[in-house]
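Student: So that we are looking at the same thing, I have put the structure below in structure tokens.
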Amino acid sequence: MPEYPLGVAILLTTTAVCSFGVFLISAREGKIQLPVNVREQESLLNDPFDVTTSEDALDGTPVDEDSFWRRMRLWKLAIVLLLAGVLISDCVSLGWAIVEEYQTDLTVCSLRVLFAFYVFLVSARALNQQYSLHSESVIHLFVLTFVATALQCTTAILPSSRSIGAAAFGDVSVPLARWYNALVLYTSAFLIVVNIPCGPPLHCPSERIYSDKTLMLVNTREEANVCCVTGASVWDILCFSYCAKVVMLGSSAESIEIADLPIVPADIRIANIYAGMRAAMRRWKLRIRDWCPKLDSGWELTYRLVRVNAHSLILIFILASISAAIFYLSAFFLRRIISYLEKDPWRTDKGWAWVYCAGLFFSNVFVQLLTGQLFSVSPSFARMLYQLSSPPQQSGMVQKERVPVVVVGKRRRKLALFILIDSPVEITIGTIFLYKLLGVSCFFGLAITCLFLPLNHFAGKIVVGAQEKLMKARDERVSLLNEFMAWEGSFEARVLKVRERELKGHSGASLRSLIEFLGRHAACCVNTNSTPFYWTWAVTRWLSACFNLLSSAVVGITGLIAILTPSISVSLAGFTLAFASTVTNDLLFLSRWFVALEQSMVEVERIKEFSEIKREPPEFVEQRPPASWPEHGAIKCENLVIRYAPELPNVPHSLSLEIKPSEKVEGRILIDDLDIAQLGLTDLRSKLTIIPQDPTILSGTLRSMLDVFDEYEDAEIYEALRCVHLIPSADTPAEDSGTLNANVNVFRNLESPVSEGGENFSTGEKQLLCMPRAILKCSRVLLMDEATASVDYATDELIGKTIRQEFADSTILTIAHRLRTVIDYDKIMLPEEGRIVEFDKPAVLLADPDSKFCSLCKATGKNEFAVLKAGVRS
């Protein structure tokens, strides 16, 4: 029969009492507290920076809720039936003990019945529960059934001091069926409870989390798009199995965008983090009697962070303490197995050997699962970083307090806090183990190690010094950027009062809407940034959990084989067990290195892609054209076929035309008199001038933008600006000089700054700025692609006159939709579907009433048609 029945019964009863106490504490309802300061509460309600809504506190809405709870009710009914069987079995044992009048066994059976009855009540209570009550009951049932199953299994494998047929109650022979029946029922209930989901799958509108730009890249859409950790089972949480969906997505999808990943839980979303931090700034202040910290010390901010994250920090402390205490438990059982093999090389009595082997396996499993949960709290540190970056307008901190703490938080973002807790405990326990194995000699090794610790400190100071210099420079930059946010508390209160009055009007409402929009958009951007971090961490923990469980299984099987095989010597068994405990770690790091290598290969793939791009023609060829080319500007196109990409259809189909020298022609022409395929790119590009529809403006000054190579005098540049009417000429009337351009004073100063892309100029001004460069270059061939599309008709006519005067001896190819722009050209080409439909002089085309060009001109109206006919050159 199993050993220690009274101790097992006491542990079970203690577990039940603790569970009942937790139920009592969690069931306590909070009291409603009326506001003490009405003005303060009203100011919070009118807070324009509070962009959170009631939906932000929810993980999502349930998907197929009714079907899910029906399934859960069936599973919970099965648990109730199993636990009812346990209760009946224990009641039978209690009745047997009462009949036989054995006091010790009566106490044991009474405690077991009490425990079974409590577990049955918890399962029956959870039968119709939903949402948070359901998850709470599932966790309680998991703990209760786990303790019962673990104790039952432990006592089952312990060597019994009595024979199998010994009496359980005095001298009366009682079959073992009752005890094994309870073991099977408890184990079955535990396996069901550990796999029951704590909640239904959830859906959250993606537009509340991500920006519109991110949502445009979505490849897959699922209704249940929230991270499964919100309703995962206990086993899924312990093993991070909820990441399997992301892993399968990565193996099946060609590409994964951020919006394809499941949405993170509500407690990781930025809106809730910011709201919690704002509430902490108003609620908690560090005061010790009459002492309060200085405003720029950072102590008050640290205190608030600790208060906000108190639950996570307490959980870290508890898990780290337990993990450190049991870290060497597997080493203890390994040592016991080796000791057993030394004492009993022929394996005659395997009683305690099975205990050591099971202890080795389950201790490894328990330590690995506990360590995984310890790492699972690591998102709390990322949450702290986002809390530190909460809007400083609401934090009431000056920049001297905020900036260093934020920077320090970013420096320590990889710090594992639990190392500070479990390391001293692990070192102490490890020293005790070494002392028992090696004796006093172990202290000599520890002393040498301690002597070398200062060397590590001095070596690290060099690196730390370099990092501090870098961080100081970064702190100064961040400090300057945040200088305007340095609001004192009193100043903040005054500004908020003024803002309250502003928000009562229409302009205030518009400002509030703008602030809320910016706040929500900023939250979407931060959510987009935090989602990949969360899932990278989660998938890493899932992979570690899988390999750690595999490692525990390998170690347990190795110990089992060593016990069952007498031919394996003690030395070989010790080596095998030690190697088995590390081989899976090597496999884990091998997989991580492979992933890192795969990520690094992206750069190699990009280099390979660039190396396979077809090279453009050379800049120079051996037979270069003469320096005076082109002298006349005559252009011929013979069966020209052009397409934008190899897989796209042809744009012009077998285009053939001839342009005489100095003709002004409108159409799609991209060829010169010579065969440009035989010319170098530099020679070709240096002889052509192109004014595109989307102008290219270089940053710098107006002079450097117009005269890139510093080839022209100021007078020539000013004359070119006058030609395009960016500055008034000498014969411009005074009343018209101010209407030509609003930035006249800017263009009169050649040292005026030009921003990137010409952002300080309008679209029309940017197009006009390309023309002075063409006038200064004075090429024989000029190509204009909608060069005056962004200017009005009056300016277009002025520019047209300038073009005709300055490029009278040049060949001009113009692409335009305005008929006035090209009506006075020598020839007009009208393409349609890549083919030339009409190509002749404007007068000839207008004289033909059946021509398409004439139809286009008539479609502009009678008055415009008359203007076009008047503008045709004979």
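Each Cβ is built from the backbone N, Cα and C atoms, and glycine gets one as well.
No curator has checked TrEMBL annotations; they are predicted automatically.
Quick paste of what TrEMBL says about this protein:
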| type | residues | note |
| --- | --- | --- |
| DOMAIN | 613-858 | domain 'ABC transporter' |
| TRANSMEM | 6-25 | transmembrane segment |
| TRANSMEM | 77-99 | transmembrane segment |
| TRANSMEM | 111-127 | transmembrane segment |
| TRANSMEM | 139-159 | transmembrane segment |
| TRANSMEM | 179-198 | transmembrane segment |
| TRANSMEM | 313-333 | transmembrane segment |
| TRANSMEM | 353-375 | transmembrane segment |
| TRANSMEM | 415-437 | transmembrane segment |
| TRANSMEM | 443-464 | transmembrane segment |
| TRANSMEM | 542-564 | transmembrane segment |
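Tell me about the setting of these features in this model.
Tutor: Under 8 Å from some Cβ of the transmembrane segment (6-25) lie the Cβ atoms of residues 104, 107-108, 111-112, 114-115, 118-119, 122, 140, 143-144, 147-148, 151-152, 155, all in the same chain and six or more residues away from its ends.
Same-chain neighbours of the transmembrane segment (77-99): 105-106, 108-110, 112-113, 116-117, 119-120, 123-124, 127, 141, 169, 174, 178, 181-182, 185-186, 188-189, 192-193, counting only residues six or more beyond its ends whose CB sits under 8 Å from a CB of the stretch.
Sequence-remote contacts of a segment are chain residues at least 6 beyond its ends whose Cβ falls under 8 Å from one of its Cβ atoms, and for the transmembrane segment (111-127) they are 9-10, 12-13, 15-16, 19-20, 73, 76-77, 79-80, 83-84, 86-87, 90-91, 93-94, 133-134, 137-138, 140-141, 144-145, 148, 189.
Beyond its flanks by at least six residues, the transmembrane segment (139-159) meets 2-5, 8, 11-12, 15-16, 19, 22-23, 79, 115, 118-119, 122-123, 126, 182-183, 186-187, 189-190, 193-194, 198, 234, 351-352, 354-355, 358 of its own chain at Cβ-Cβ distances under 8 Å.
Sequence-remote contacts of a segment are chain residues at least 6 beyond its ends whose Cβ falls under 8 Å from one of its Cβ atoms, and for the transmembrane segment (353-375) they are 157-159, 238-240, 316, 319-320, 322-323, 326-327, 329-330, 332-334, 336-337, 340, 344, 347, 416, 418, 541, 544-545, 548-549, 551-553, 555-556, 559-560, 563, 581.
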Student: Tell me, what is the mean pLDDT of the domain 'ABC transporter' (613-858)?
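Tutor: A mean pLDDT of 75 is what the predicted model shows over the domain 'ABC transporter' (613-858).
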